[in-house]
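Now, the feature entries from TrEMBL:
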type	residues	note
ACT_SITE	299	active site
BINDING	110, 126, 147, 230, 231, 232, 233, 304, 319	ATP binding site
BINDING	147, 319	Mn(2+) binding site
DOMAIN	194-403	domain 'FAM20 C-terminal'
């Protein structure tokens with residue numbers, strides 16, 4: 001396994017700083033039992049001390065479901081550890097746990113559902129909107145593109161291979177629209193949008209600001225529908241998150257350009273603006289830029305951080321559905337932060353160089369990682385090959401900066 005060899009490499013074993021109590025998102029006593037509230041949110045509260053030790057001699061922590069262990073493990077430096085023993089269980093749960101509730105997620109431009117499992121875990125379901133082989137039409141603006149379920153799955157694995165570990169775990173899943181959405185939804189607005197198509201397939205379209213109409217309905221075959229299941233982060237009532245507008249956000253306008261597109265010295269003013277004027281925030285943003293360029297995602301207008309950790313923490317790379325839309329074109333403007341700032345973390349640069357070498361090869365590693373997903377093949381082959389070409393372009397930009 002190339003992946004196992006990669007994760008053994010010294011560059012993938014650089015220790016994180018010591019995690020103190022204040023560096024943990026949640027401070028939990030592993031001897032304390034938790035009761036999970038079925039209030040529709042994933043609130044969890046500690047029970048009385050009387051239940052603290054279980055008769056088996058295990059600690060209460062051993063009995064927690066995988067999603068709760070994942071939440072408890074989040075700290076200032078990483079969303080989950082490199083050699084995370086939970087990961088196979090967490091991904092298997094997303095793919096196989098019984099769905100007991102499906103409701104539409106409010107807000108957003110496209111249809112997404114929140115699925116709840118018997119162990120009170122929840123996942124964000126993005127349904128399949130186009131096939132693996134369809135490329136985004138060349139006349140489409142980035143903001144009118146579909147969100148792709150397979151891009152969410154591939155982004156999680158790519159983020160892990162790059163050793164960022166800033167995307168919550170995602171698995172593919174085949175869902176039965178009738179039994180796992182229509183028959184169990186309590187969402188009246190969603191329930192009104194189900195119909196049987198002329199071909200006899202079960203379809204629905206939900207309510208949202210784009211692509212939620214009979215013309216853009218999601219249909220099963222006859223009721224089987226592919227989608228991505230992403231682990232939900234802790235409820236915002238338990239762990240507040242802060243949303244930051246990206247300084248390199250696009251204009252989201254058909255003819256207007258953003259300031260960074262007009263001013264080649266734009267980075268100088270970003271470097272003087274908090275929170276980019278100190279710490280590693282700008283370098284973290286450039287990591288995110290590299291990830292986005294590799295998968296061709298032009299839609300990174302915001303990113304989030306956990307409020308508890310202030311400015312000294314990693315960025316969450318959420319919403320990656322507009323990646324992997326085109327394999328035949330490389331959108332160099334995504335690399336603007338790297339090109340304009342000429343800065344990158346040394347550890348990131350060394351790992352990118354490693355991923356361009358024959359024993360590892362980025363495309364081979366991602367192909368191997370995605371082969372374990374229930375929806376394999378997740379990406380069409382040209383998308384995997386594009387990764388190696390794009391990685392070469394990232395390294396060329398860094399090389400140009402070094403020459404300067």
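Glycine is treated like the rest: Cβ placed from N, Cα and C.
Keep in mind that this is a model prediction, so the values were computed, not measured.
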Taking the Cβ of residue 231 (ATP binding site) as the reference point, list residues of the same chain whose Cβ is under 8 angstroms away and which are at least six residues distant in sequence.
67, 70, 90, 94, 121, 123, 168, 169, 170
Below 8 Å Cβ to Cβ and six or more residues apart, same chain only. Which residues does that give for residue 233 (ATP binding site)?
71, 168, 239, 241, 316
What does the structure give for the C-alpha distance between residue 110 (ATP binding site) and the residue listed as 'active site'? Integer Å is fine.
14
Quick one: Cα separation, residue 147 (ATP binding site) versus residue 299 (active site), in Å?
10
Compare all C-alpha positions of 110, 126, 147, 230, 231, 232, 233, 304, 319, the record's ATP binders, and send over the largest distance in angstrom.
20
Which one is it: of the recorded positions 147, 299, 319, which Cβ has the fewest other Cβ atoms within 10 Å in this structure?
299
Quick one: pull the CA-CA distance for residue 319 (ATP binding site) versus the residue listed as 'active site', whole Å only.
9
Mean of pLDDT values spanning the domain 'FAM20 C-terminal' (194-403)
94
C-beta crowding around residue 110 (ATP binding site), within 10 angstroms:
20
